[in-house]
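Participant: Following this message is one structure expressed as structure tokens.
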Amino acid sequence: MGVGVPGAPGDFGGFWRGLWDAAARVAPRSVLGDVVEELDGFRVHEVSYDALGGRCSALLALPCDGPVRHGFVIGHGYGGRQDVGADLPLPLPESAAILPIAPGLPALGLRPGVPSDPDGHVLHGIGSRDTYVIGDCVTAVWGAASALLELVPSPTLDGERLGYLGESFGGGIGALALPWDDRFAAAALTVPTFGNHPLRCTLPCTGSGESVRAHVRRHPEALDVLAYFDAATAATHLRIPVLSACALFDPVVPPPGQFAVHNALAGPRRLEVLDAGHSAYPGEAEQRRQLAHVTSEFFESWMK
């Protein structure tokens with residue numbers, strides 16, 4: 001799909017660089033909690049850390065044996081995160097990963113006054129670019145990277161060895177977060193959301209996207225705020241290698257927005273096309289196995 005990028009605010013880059021500069025001054029003060037699970041050769045801990053938007057929570061997956069040479073930050077979908085789920089094993093051996101829970105989302109991310117359902121969460125603070133909750137979700141990713149580097153003090157785990165993986169909500173948040181943080185070497189974004197908001201708001205869908213679409217119909221001025229949180233616009237600033245997995249059919253994240261993110265990427269990129277996203281389909285298991293294989297190859301080529 002030859003979908004392009006919407007018009008961007010003139011200070012788009014300045015807004016995000018300013019937010020990053022403020023976030024980078026926040027010490028994570030990470031706390032390693034109890035082991036909550038052992039899975040696929042990893043011990044999974046609950047952790048907490050400070051980010052620009054406040055105290056955040058995450059899961060930390062550490063290998064039971066051997067050194068750590070690579071680090072990953074892994075986003076989640078708009079349902080929040082209850083456990084590490086299918087994100088283990090990691091794409092590369094000798095790796096650790098932090099899996100931040102977006103502020104306001106279940107279970108560990110719940111915050112007073114912030115809706116925990118996707119329809120309400122995606123509208124929280126949308127009246128201003130300075131209060132929109134999506135900004136806090138991005139700063140939580142930056143803080144998670146800082147926490148990972150603080151909690152896993154491996155001499156070979158440095159800023160050039162961090163990878164990012166995110167699907168759906170996590171894919172869109174990753175596209176917004178990564179252009180400004182030079183600690184990341186490569187990323188994989190699967191069916192990313194928040195791409196080309198003006199177009200997205202014309203396309204019926206389900207879930208949080210429809211909530212935004214309905215809100216914009218009532219309050220068209222909200223598009224001025226959403227312009228600062230457009231994953232396709234952000235992708236024009238993203239110069240690290242990115243593997244995109246975009247779907248031809250998706251009832252939750254309209255495919256044109258997904259392809260808009262991929263098409264806008266400014267650095268090395270690879271595209272994998274899925275038959276569908278956010279829905280079951282024949283051959284899904286095989287396509288997902290192939291995507292996992294490609295993802296491992298991709299990170300191996302850029303992070304070793």
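Cβ atoms are placed via backbone N, Cα and C, with glycine included.
Relevant sequence annotations retrieved from TrEMBL are reproduced here:
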type: DOMAIN; residues: 8-285; note: domain 'Acetyl xylan esterase'
type: BINDING; residues: Tyr78; note: substrate binding site
type: ACT_SITE; residues: Ser168; note: active site, nucleophile
type: ACT_SITE; residues: Asp250; note: active site, charge relay system
type: ACT_SITE; residues: His278; note: active site, charge relay system
Participant: Over the domain 'Acetyl xylan esterase' (8-285), what is the model's average pLDDT?
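Facilitator: The predicted confidence over the domain 'Acetyl xylan esterase' (8-285), as a mean pLDDT, is 96.
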Participant: Sort the recorded positions Tyr78, Ser168, His278 by C-alpha distance from Asp250 (active site, charge relay system) and give me just the closest.
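Facilitator: The answer is His278.
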Participant: Three states by DSSP: which one describes Asp250 (active site, charge relay system)?
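Facilitator: Its secondary structure by DSSP: coil.
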Participant: Whole-number Å only: compute the distance from the Cα of Ser168 (active site, nucleophile) to the Cα of Tyr78 (substrate binding site).
Facilitator: 7
Participant: 10 Å Cβ neighbour count around the residue listed as 'active site, nucleophile'?
Facilitator: 26
Participant: For His278 (active site, charge relay system), what is the tally of other C-beta atoms lying within 10 angstroms of its C-beta?
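Facilitator: For His278 (active site, charge relay system), the 10 Å Cβ neighbour count is 17.
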Participant: Just jot down the residues in the same chain as the residue listed as 'substrate binding site', at least 6 apart in sequence, with C-beta under 8 A of its C-beta; none if empty.
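Facilitator: Leu105, Pro118, His121, Val122, Ser168, Phe169, Thr193, Gly207, Ser208 - these are the non-local Cβ neighbours of the residue listed as 'substrate binding site', listed in sequence order.
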Participant: Hey, what's the Cβ neighbour count for Asp250 (active site, charge relay system) at 10 Å?
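Facilitator: Taking all protein chains shown, Asp250 (active site, charge relay system) has 23 Cβ neighbours within 10 Å.
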